[in-house]
């Protein structure tokens, strides 16, 4: 058992490692690569793996995790700002597509109940494939990306009511039909529809309440313990628990994860959770694509090649037309409209889930389910191919008209400012910036500090900012500036170096501790830094001079001159920082220079010079007078 | 050889001034002109006099581009002159650094030309308000050139703005050209 598990791992990983980079390099994209790898090692390829279903079920957990992450990303505010697209694009897409497909199914002499399920199941696109493509093309911030995301999201939400109505659509002749699926599938719906609904409502309500009130203190307690992997364990535990709970009430585990994600979306631990789950999701999702590739039932396909081909073509065509029409109503640019339609024109993994559940509930004949599953799987395989065609053949022909292109301000863009370290220093910087109307993503790793500022209605995320994945989750790819206001100088340098490497587009503004640390920061390429006590020290220096009898403006100018000189010397010293003797010599000259510099600034406007304005004096007298004054 | 013309622009909200922005861009497009955006370099209005004197050394012409605020240049330009034109450099004993250099003002006004006249709201021609600058030039031994004035900056047509920008550019080119000619004759 152990042995075969390792062997299976070996086959999967090598297939992925060999095929995916190759597919990516040839421009096919990673999704198609995974699917191909699956077909190659699957029962109809080399036959390495003969039981794809177990793996499909296992890897479906990747989709669950993905939905958890989507839920995490989605705050109510963002959801609200997407309402136009959710209900304008998403809802009509699902309803019209389902209706058209159901009518076709009914005309093809399916029972009306099964036809409705087919329509609803096929109307859903593949969240896994589409989001992966959006991510790979980097179009999440564009109109196309956001519109496609809105449609997917509405579909994901639509799964709840669809799952709820499936038991009501059980075929009379299949009533009492025993589940053919014996392991993992949802148990047959032996309870009445309303009982299921009540149970579902109960579970969601308790999930919401515990997410709101129980999880936060638990997460805070674990975060305080400082054991990082336990937080990862907790993140996984949350997803697994949500999935189990959902299975218990016969609802898609993915949806449960999505709900838990949403509940935690405004939690201060969101970015940490995201970066913990992300690598698991990536791998499992890859495995999921592989198993979709493997589970293309070529026997069903070989028995009905024409039927399947026309079903795939029909599905893609109907979806394309409806999406194209919606894109036209929303006035997308033609190239956007085409990409939007192509991206979403496939069946999705929820289709598998729905058909499986429907079969188990006695609402769909197993032979129909087989046909539909193959259709969905093939339509998923052809999506990357259609996109390839779009990129190579269609897109180049459509010259963009920049005049008419105007992105609607729909979803709020991710924050342009990220602040790491929301302590005494970071707070001042942030308050100045946010007072200008900017929103900043704030990250700190001290749970007590987070609790403290929360009382003042400030939302700070918990996380270890040294982690690349955490910064990515916090939106570092889209951010414009990154303020590192952490007090530990080593951490600041480490993060600055890491960000320079992984997110070179960001402008880094760093808090430096002292001269040495400033030099360290210059060493990793940071040009915008401020020594954290420098300016406050100067301010107190000004007050000291005033207390000693200097005029305010004079004291201020002296401090400014001092600062200018000191910063100049800091940069000069950087050039010789490795030579200790030169440094000592430099420090000595710098001190002498300071005295001169401070004097000269005041001499320029010295009132003594006013005598020169009176023209009745001999220039030589003026000269003498000036000398005398400067010796006073 | 260092550029012979220093073009100093003094506008606290350059982003809000179409005319001054256009003229700054015009100046930047001419080879041989250094452009100094005062409010950008000294956001705290703390002018480094000695640095500025070094900047002027070797220049043959200083151009000051500014809007008229309360019958004078914006405060930072006055501060710049106060800190830069120092005793022993610009005037007084051995104060010859500016002697022989040209001073050209390039001004944008909010009001129409007729507002600067006995009948207008400002009662005096613009020239009279420029007297302190003219006398500063004279006191430092500089050549006072006829100012370039762009009236009614906010309301002007785009064509008009571009035409004035071209005028400024040709003035700057002439000054660069004259400087290089002089350099050559000195060299010979």
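Glycine is no exception: its Cβ is also placed from the backbone N, Cα and C atoms.
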- Note on the structure: Here TrEMBL annotates transmembrane segment, and of A:251-270, A:271-290, A:371-390 the range meant is A:371-390
- Item | Annotated range (TrEMBL: transmembrane segment) out of A:55-74, A:395-414 | A:55-74
- Do at least three C-beta pairs under 8 angstroms join the transmembrane segment (A:114-134) to the transmembrane segment (A:192-215), pairs 6 or more apart in sequence? no
- Task: Mind looking up the mean pLDDT for the domain 'RCK N-terminal' (A:414-531) in the predicted model?
- Result: 88
- Compare A:6-24, A:55-74, A:86-108, A:371-390 by their Cβ pairs under 8 Å to the transmembrane segment (A:338-359) and return the stretch that comes out on top. A:371-390
- Spatial neighbours of the transmembrane segment (A:86-108) far in sequence, C-beta under 8 Å, 6+ residues away: 79, 114-116, 118-120, 122-124, 147, 150-155, 158, 314-315, 318-319, 322-323, 326, 329-330, 344
- Note on the structure: Lying 6 or more residues past either end of the transmembrane segment (A:371-390) yet within Cβ distance under 8 Å of it, the residues of that chain are 27-29, 31-32, 35, 39, 118, 121-122, 126, 129-130, 133, 292-293, 295-297, 300-301, 304, 307-308, 311-312, 315-316, 338-339, 342-343, 345-348, 351-352, 355, 364
